[in-house]
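A short worksheet on the structure shown next.
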């Protein structure tokens, strides 16, 4: 971002409120019930939804289902190669934090009773990372989940898709004193504030995670983040509506 | 919380905007440069600040310091005994998430250059948990950190305490449709929304982490959470001012 | 210990056969069936006894109970901060050795048949360490265990407390050629011999663990350790009798 | 494979000596010095080659480089979802075996002295598995490695690409008594013998790994495997020649 | 190997096709159903076969048994002391590769249905390593397995030993351009090609694992390896026949 | 032990004060500087002493050496096969306790300054266990250590063997009310008291570890244990004197 004038203000020429180009490739992995290659600019995440016909032990015989998520990055998804977590022998704090966020977000818009006694495993594997991998994971995983539910419905295992609303996510940041959405990696590194929003199709909040990376922010900033965030999420939700249709 | 009338609406008789009784015992552990037993109601956390005269390798020769935090609970800090993480062989996702939050929050109000090439280790060990352990950890850790810095100043290792502002945290939740602050465990379990706020003495946001546990929330809810949260944090900051004095 | 004359011979003015000031705070943690803050001088250990209504698999359907113990230190319980075992991913040899000792000692004075098919988990968490943490753990854990059994009795789950005798422990050491009891950390570091005694209220041995840290010791030394140790343990047992009453 | 006549003998219509359709997408990941999406039928592997400007400690100051490989599968690369190794906390025996094979094979055709004191990390991440993932990994990794070396050459860090020969791999199996190449997953599961061949462009063996899954095989079988294997590898090498050009 | 003339060409005076002195001590460990101290020159491996009266969960109620193997080396089995895997907290890739090979090889000559619903655990513990530990493990483990089966037969738990054929293994290598069998450690380190052969008593292949350590090898080499290998294995099989008798 | 009369009172016909047959095979492993197969009855331990020309970091530049020990059992050293610690991913509490005891005991009779800046690694690997593995480990390890030091002396790396005294260990137990030495496994399982003694050649104590397995013991018992133990250790020390000669 060389200057911060009104028009072309971002490195890649985007406006402050503009999402990067989005590409959704469904049925990307042939075995998974739902699978999406989610691309937001140079960020690329493979999101799969896998159905398992049992629930975790704490839900046994409760007449409801479960959704859980796992997240990972290929070692060379990033500018410098990062060590493989399977080699280190454990998932790092950032990984755990993200996959907990993804799972919690999806569960917030699902009617677990309608899902029945089964688990849907969401896997978000980042193959190329250019900022916003957790938000791309959520937006893409929702589509994969919808597709997996469509398969269940087709097989008469559920009566209708158990989604209560659409769900999408976007990052908002403040850089050089100006708020903007959908930060690429270079922008994210320079951000004074980094905030991730997960919202429903009807504009309600599921998750807000805001961090003052350098300078604490005030109420006015927060209001601006919310507005910018929602208009971006609205676009993502519209895309979801086009792809997966009306939630029945 | 048996009823939700205007006056005595919470199980323990508190108003919606009322903090639990707070008790801060400084110099609780004789070896640590700073140490605090932080009590908010029945939540009790030992917060220590330990000075180490070196920095992590990624900060070598950069002329600045570092603050990092670790968090744990005693096995019987909770209603049912929970397995010891050292026995399981790894820290869980919740633990990692909280200790990352504590460290990040404290770093946001510290001038690392003034701290010099040293690390301050913050340890937050919950000995009794009744909700709000992460926010009590942050509020208490800030005091322990200030005390450790006072020791450094007394030894002429730093010229002044490197804090840029006070820092405190509180939880806000929505239960039965009503927002309230500083949730005890029973309230937390019943909350529809759970939001943790970390703010500076001047009322700016350092961290916002809000989660719709059951029902997504809207902008009006968020505004109320912010207002309730800040008036509570203001009280905690005033307490800090009385205890550790003016930031020099 | 600046001099070794007959009267005031120890750094803190104690006689060779004198225990440090002891303080027992019962019901220290509200959730645990039994819980004690055990202080011997500057050594402070939280001992909790937690009842679990099942037994380990090797005791299934044998009509008896079990007692097991875990031990840990807070990172800054010691002069220098020591790394957290949950972060290192495993409990160290010293930790395992101590918790095996605590569990074995308590089991030696318990009638497991009277306890019924349940497990009592003993947790000894050292919050400040100034020598003798394992012996303070045993003496304190016995009280917590007695209190937990009193709860079981009150609930009519057992007929009587299943303790066969009182149980306490003390360290004995030889420093500068002279035997003394209840070593503080500075004394322990200087000791030529370090011996831990666990004995019953009737003066019988449950555990003897003696180590020649520098110079091997002879039979006469051993006799002196036994005598010094027992008179100290007798005081601890008397304290236990006052606190928990007659074993029924 | 419904029948084993002379013409259309395999489930997918292939002849016994016929490779599946191959697709190589170079520069698949923008950050890596070399990166290839290697597809053999439905088997898809992302192979990246990452340059690190240092060598493992055992090669310090020996004036030579190193190549090492890591291998993994996405959880839903397979028909049923398999648990993530980072969650299990360790890489399985199969994973370690394959990545050792990939690294050893590549090193066999590299002049480490020409490579200089740097390490090239090969990552083979299977995003969809339909048999032959280890052989596709080797064939694809060789191309990624060549591309990474071309980058080094362009930057004048090496004088020429240090490859001594081309390198490709293929599986050969015996099913229903008949030998065939490049087994898909269904074929692999039914195979009586499973043999993996890694060979150079000049037709010499780098690795032979043959396993009698059900029935031990004899010398005549082995001869047939070698012939079938080499004619398949020759095609893969020709493809490599077209893509990466003459080895200089 | 100082010279490569026709007669005495190896360091220890052996011909190219000559095995090292072999010594088999049966019933070496008194508790194990089958146990062998297998010595090939200075390579010494304790092989035990332990019967467990249950099968792994994936074989439950399938009316068949299982054989699985574990392999390890004592820390000082090698010229320099190598770290203990139990201390490192995991088995290395080489260990896993070898134990998978041992288990797979033994299973290839066993009729699992005749074995009944039980598992035989093979443990190969190298107490002194001078090359060829994996092949000595296989040859020795086969004898221990036969002895354990004889015990089962004696107890009328099985009708006959479930071995379909004898099984032995040997290493073949190429050093200084000449092929030779049963490489000692010094030879192995100098080998251009290292190949391990596992064959049945009737001369069929169970496993071939060949690696070009330095220079890729051709078809003619391979033929020579096979011939040398088989004449060596034939001797080992004859030894097995003498020891364990006819397979009934 | 079927009866407890005066003459033949133990299962294997031994008197109460009688050691099992002892066999020491030196130079058992060709690579180790010192190595012993130590047999006491059916208990067999391989003890090796390995010299490493560096010290742990906490001893750097202190002009002294170090001795450390590791202990393990082969899986089938015991009546039932026990899981391999390398597979479980960690050493158990019993293992750590024993290896700490072995290392501490040996260090107590060594002049670390004379040893010079080097570490001697002691490995005690039990290949067959019939009670008393820890005491056999100590007695055997002392011989291996002496032999390793003899090698150092021969190489002129040290002027004399740095042992201050001989060192041996024995178990003493009380069974059916009678004390006896050197318990075999069956006896150990039945023991009311289990006590391990480590003593020097001059009859001084290095370690006493006594445990009341069932019934606490008194001072008179202890006296008897000490007497029985020392006369047994005296025999072991005499054996050591014959084998390794006068300590110079």
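Just so it is clear, glycine is given a Cβ too, placed from its N, Cα and C backbone atoms.
Copied over from TrEMBL:
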| type | residues | note |
| --- | --- | --- |
| DOMAIN | C:18-148 | domain 'Exoribonuclease phosphorolytic' |
| BINDING | C:94, C:132, C:133, C:134 | phosphate binding site |
| DOMAIN | C:165-229 | domain 'Exoribonuclease phosphorolytic' |
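Features as recorded by TrEMBL, highlighted on the structure.
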residue	record	Cβ contacts under 8 Å, 6 or more apart
C:94	phosphate binding site	none
C:132	phosphate binding site	C:40, C:43, C:170, C:171, C:182, C:183, C:184, C:188
C:133	phosphate binding site	C:43, C:45, C:73, C:98, C:124, C:126
C:134	phosphate binding site	C:71, C:98, C:101, C:102, C:169, C:171, C:196
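Note on the domain 'Exoribonuclease phosphorolytic' (C:18-148): DSSP counts are 46 helix, 41 strand, 44 coil. The record gives C:94, C:132, C:133, C:134 for phosphate. Within 8 Å of the mean position of their Cβ atoms, the other Cβ atoms in that chain belong to C:71, C:98, C:126, C:129, C:131, C:135, C:136, C:137.
Counted with DSSP, the domain 'Exoribonuclease phosphorolytic' (C:165-229) comes out as 17 helix, 30 strand, 18 coil.
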